[in-house]
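Copied over from Swiss-Prot:
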| type | residues | note |
| --- | --- | --- |
| BINDING | HIS63, HIS92 | heme b binding site |
| DOMAIN | 2-146 | domain 'Globin' |
| MOD_RES | VAL1 | N-acetylvaline |
| MOD_RES | SER44 | phosphoserine |
| MOD_RES | LYS59 | N6-acetyllysine |
| MOD_RES | LYS82 | N6-acetyllysine |
| MOD_RES | CYS93 | S-nitrosocysteine |
| MOD_RES | LYS144 | N6-acetyllysine |
Amino acid sequence: VQLSGEEKAAVLALWDKVNEEEVGGEALGRLLVVYPWTQRFFDSFGDLSNPGAVMGNPKVKAHGKKVLHSFGEGVHHLDNLKGTFAALSELHCDKLHVDPENFRLLGNVLVVVLARHFGKDFTPELQASYQKVVAGVANALAHKYH
């Protein structure tokens, strides 16, 4: 990901304030509500029948936290995203057969959730930096597909 030193510092500073459980659960929940076809990868999660069920589902929240923790690893290794996500790329490609477009969708949902959580602190400049980061992470996760 091509970020200036200032952009990297801003991304890291915000990330240090992120509550992985809250933001991760909300981001994954929103992905499953807004793009319902993504639910097919989460059959074992129980009731995903309506937005309230999805957003209140403890398995969605737990997996969202796990997803966001992995994303945080990427935030701390922006110069080696492909290496950081190599094993997850292989898992999602070879075993889970996840459409790589879903990584882009989740990244965009994450940006929405960060904006909601951080309000005016999530400036347009910071959003631009995070859009670069989520695009880089999505590309790294899709790497095994190429």
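Keep in mind that glycine also has a Cβ here, set from the backbone N, Cα and C atoms.
Location within the structure of each feature annotated in Swiss-Prot.
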residue	record	contacts (Cβ under 8 Å, 6+ apart)
VAL1	N-acetylvaline	LEU78, ASP79, LEU81, LYS132, VAL133, ALA135, GLY136
SER44	phosphoserine	LYS59
HIS63	heme b binding site	LEU28, PHE42, PHE45
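If you take every residue in the domain 'Globin' (2-146) and average the pLDDT, you get 89. DSSP labels the residues of the domain 'Globin' (2-146) in these numbers: 119 helix, 0 strand, 26 coil.
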